[in-house]
Amino acid sequence: MEKIEHTTISTNGINMHVASIGSGPAVLFLHGFPELWYSWRHQLLFLSSMGYRAIAPDLRGFGDTDAPPSPSSYTAHHIVGDLVGLLDQLGIDQVFLVGHDWGAMMAWYFCLFRPDRVKALVNLSVHFLRRHPSIKFVDGFRALLGDDFYFCQFQEPGVAEADFGSVDVATMLKKFLTMRDPRPPMIPKEKGFRALETPDPLPAWLTEEDIDYFAGKFRKTGFTGGFNYYRAFNLTWELTAPWSGSEIKVAAKFIVGDLDLVYHFPGAKEYIHGGGFKKDVPLLEEVVVVDGAAHFINQERPAEISSLIYDFIKKF
């Protein structure tokens, strides 16, 4: 880890913390919630050893990157704008793009808005979400899964913050990062995420040192920046009306664990394997379902995921 360089880049009106290592073709890694650049620590080291320039920022609202206070500052347009500006500042014309969780969602939008800047895409966990012409994203989730669905619970400012603040940050991160129940998370307001089981001991792939790194950053920032991605998602729906029905025109590979909660959302498997995904992403070359892996797959199965990424991008 000591070889990883840390810099701050000014982009799109914010200061962005960026971790990077290596030289060669650039690979841009986008993390999810509740995570940081650190979620890609294994992939950074592996891809750099294979002759790539591996770059992983803390996204807007996370870690050592600025966190604007308003939820309306966290649309896909803001996040993609940050990343295009980052590439411009680094003098990089095109990248291989790798995303997970919210990072995967933003990677889909990056490819939708600026396919000219992407050589190829590897996304983990979160498939492309087709824009319904009349139903906003969060409204659709609420209709399908009800108010207790975690995505809906994160909408009201202050509520999720109080829930996450009711236990120590390290304990909450242990609960969240080790979730293995593949069912969509239903979190009754009176119980909250604090009711989730705390693993003891931690799984082999997540150390106390890892938790300490994540917790040290989230103790400083809180979780509001991350929650704001959920709170801005209906606004993203409004702003992406011009792209309604558009296809992703980038060569892509998709990887998901068979215990990933997103893989078990209503209709997800049918979309991924039944032709809808390939229709929306016509250059989708491969879907890999990893047996026995849950949501935080890049950390749980680092060697396997690193190899799957490398095997795809080396073709370009």
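Here the Cβ of each residue, glycine as well, is placed from N, Cα and C on the backbone.
The annotation active site, nucleophile is assigned in Swiss-Prot to ASP101. Sequence-distant neighbours of ASP101 (active site, nucleophile) (same chain, 6+ apart, CB under 8 A from its CB) are HIS31, GLY32, PHE33, GLU35, LEU124, SER125, VAL126, HIS295.
In the three-state DSSP reading, TYR230 (active site, proton donor) counts as helix. Under the heading active site, proton donor, Swiss-Prot lists TYR230, citing similarity to another entry as support.
DSSP assigns HIS295 (active site, proton acceptor) to coil in the three-state reduction, placing it in neither a helix nor a strand. Taken from Swiss-Prot, the feature active site, proton acceptor applies to HIS295, supported by similarity to another entry.
A sphere of 10 angstroms centred on the C-beta of TYR150 (epoxide binding site) encloses 16 other C-beta atoms. As annotated by Swiss-Prot, epoxide binding site applies to TYR150.
The domain 'AB hydrolase-1' feature in Swiss-Prot is assigned to 25-302.
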Per DSSP (three-state), TYR150 (epoxide binding site) is helix
Determine, to the nearest whole angstrom, how far the Cα atom of TYR230 (active site, proton donor) is from the Cα atom of TYR150 (epoxide binding site). 10
Those active-site residues listed as TYR230, HIS295, and which of them has the most Cβ atoms within 10 Å of its own Cβ: HIS295
